[in-house]
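Structure, as structure tokens:
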Amino acid sequence: MNLTTAVNSLKNNITEDEFFLNDILCELLQQCIDENNLQAGRVLQSIIAAVGLDSHAFLGGYILRMLTHFQKFKEVNDVFNRLVEPGVFTWGVIISANVKLGDNQRAIALYRCMLEAEVRPDGHVFVEVLKACMDRDTLSHTQQVHANIIEYGLEHDIFIGSSLVRLYVDLGTFQDVATTFCRLPTHNTVTWSTLMSGCILLNEGNKVPDIFKLMQQYGTEPDEGTMVCLIAAASDTEDTEQGRQVHNHILLCGLLINPYVGNALVDMYCKCSCIEDAHSVFDNLSTRDVVTWSSLISGYANHGCIQKAFHLLDQMKEEGVEPNEVTYMNILTACCLSQEGRFIHEYLILHGLVINVQVGTALLDMYIRCGCISDAFNIFASLSQRNKITWTTMISGLFEFGLFGDAFNLLDTMQDQDQETELSEACSLSFLKACSLQGRVEHAWQLHSKIICSGLSSLITVGNALINIYVTCESNEDACIMLQRMPDRDVVSWTTILGMYACNDSPPLEGIEIFEQMKHDGLQPNSITYGYVLKLMSRMSALDQARKIHASIVKGGSELMDIVVANALLDVYAKCGRLKDAFLTFQRLNKKSLSNWTSLLMGCAQEKNYLLALEVFKSMLSSGVEPDGVVFLCLLLSCKSVRDGCQLLKSMRDQYSIFITQEHQNAMLEILGHAGHLNEAEDLLECNPVGCNIIGWTSLLHSCKLHVNVIIAHRCFKNITKVDPKVSAAYVLMSSVYAHAGMIHSAEELEATRKQHIGCKKPGHAFIEVDNRVHEFVVGDTFHPKSFDIYAKLEALNQEMKKGGYRIRSDLVLGAIPTDMKEESLCGHSEKLAIAFGLINLPDGATIRVSKNLRMCGDCHNMSKFISKVEKREIYVSDTYVTHHFQNGFCSCDDYTYQIFKHDLFYR
């Protein structure tokens, strides 16, 4: 009897035996599902309602299954609400129906109601509930369901365990994935493959080969799915050798290279830059689908072989395989030249292909990347449909090219469209990133206001992006305000602010306060955080605090593996005059990268120790590390000899084929200038092919000050101010040249011009660490609590120096003021104040460490030599040029930058 006949027969002869009727109805409802007969199911549903069984829980479960099968999801919940005391079967069906409907929140709510009704879940229910927990926002629900699974003793069920593994993979919690997998009572090929795919999705692809070895040790036979996971792992890590081993294993084991395995192999070889191997696999495949062709075409396009890619595209169509959107999008993504992109565009038009929203978006993105913003806008305007990605790509491109008016107008248009194109988190992040490339702070404000109106500013990701754009626009105050207003802050929020303080002239003490606030919030610093904090420590020569940070890093295990942390440690020890500690840190590194070697060489350059730098350079070469331009720049900065400098440049060019940049030229200019070869240095500058080198002319101007060469100095000054009339350093140095030459009137005139047109020069700041606290001094500082004692100590030292024949060069202080006031102004230099503070507060014989934000002046340099002798102290002063080590009346720099004072006692 067929289904329709059986249903009609039942309709005409309804039995009064309820149990017998229930069995017949359940059997017929299941037959409706098996035969896809909704019409018969509807008749059965009406019969059930007519006899008053529509509240029967078990029978209701079959009705729910039928409605779910025919995707009548809206009726499912109404039917369930009429049921009386549903059992575990019915609960499982209604939860499954809501999962299929996509209403995961209701599915989880129904699960909770089931527990409250004291119905014990079975394996089917838990598998369906775990499907409902796939959203990333439901990790807490997942953990609760997992606890319930353990409570009901079902954790070792293979199906539930496999579902948990897949779920934790989707939620991105690798530790939970591994733990759940290990607790499974048995492991089959599917569970092993699930674990491997989870590693790939969680960026842990390097673990897959070890998991495969473990799988083999357990005696589980791999299948094609396992091979696809191994190939994908090799592709993900771009490990060609691993990929070849998997390929060989497949061939040796006689496993079938089906389309999935073949496609994975082609994709892997393409991503590992083995395009010939990819083509070889492709040629040997018996079946090639659109994915196979698209992978190989994408591989050739990504390797710059656009013509070959199009040849394959034509061949693909000749073999009857039609390209899809992904095929064209892969080629467009690979284009980096406008002519290639135009060729693809013309190809699409020539072949009459419809440019839909996906391909159109890829086209305009390609034009933006190739710098053709007008072509991109033409594509955008021609599209009949646009999705959120299309709008975001176009607006971001306009921001990136500095077309802010057009970008904001288009953003307003986007927001006026339907809800699907409202400003989202992804859009906001894209716009902020693009705007930060060329934006000014007023554009950041405008974009910020739109984000606030969209209610997105409270999101951590958006808040971090806003902080970043304000930092990029050098609006430090706005960045700090944004940080304080964020309801939730993560390590990225704090680290971005710390980077702002570490990488510009912001007060370093404020940066340290930010770090303390971050720790108070209970956040663990990452390697970038530590890098910025150590940079702040190096700016203040805060050796004791740097050592505490180092201890924290060692406890966290970052010192021996992280390049950023290692380089920051090398830098801070070098700036604090502890090159020995820098070498010890370097020796402890597990793997020494070029960046680490460069940081060590920069430490040698900081102390102007060329012989030591040369030894480090030789060790680097013997370890097999090839030098680059930065390495030679460090060597030049540590060098004092013209002969050695010329030899370095020659070696760069002839032996290592390294291009000599303007930075190398400037380092050589300084060497020539200090050696007194001013004419040669000027000739080198005038031969510069790049254009006017302000830094180089300023360096030569400083050398003219040392050798009192007014004529060349005047030419340097003219070259600098012709390009930028507001370079304060040029006026200061030229005034000093005049003063050293005895041309006091010219010096005072130029100084007056500077004050009138440019304003105050950059103030000097000095820092000293005493008792784990950093103290800051500015020139002429009288606000420190111990100012009276500091000036008294300096006055006593001045009197003692005068008795020894020391002559203060008060004639170098410009202005019509009395001599005693000129001497007093020299006494108030920030590094002198810091040294005096150290003398007062540190124990006798303790080393004094000071850092300064400007180059140390000659008077301070010579007074520091005197203090080191009479006070029997080692004094380190780290300025923007070098780390000076004063001991017994001498300086480690050998007065390299202070020749003008050599005729004075203590060289002034």
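Including glycine, each Cβ sits where the backbone N, Cα and C put it.
Among the features that TrEMBL reports, domain 'DYW' is placed at 805-896. Under the heading repeat 'PPR', TrEMBL lists 87-121, 188-222, 289-323, 387-421, 490-525, 593-627.
In this model, the repeat 'PPR' (87-121) carries an average pLDDT of 83.
As a summary of secondary structure, the repeat 'PPR' (593-627) carries 26 helix, 0 strand, 9 coil according to DSSP.
According to DSSP, the secondary structure content of the repeat 'PPR' (289-323) in residues is 26 helix, 0 strand, 9 coil. Shown for the repeat 'PPR' (87-121): DSSP residue counts in helix, strand and coil, namely 27 helix, 0 strand, 8 coil.
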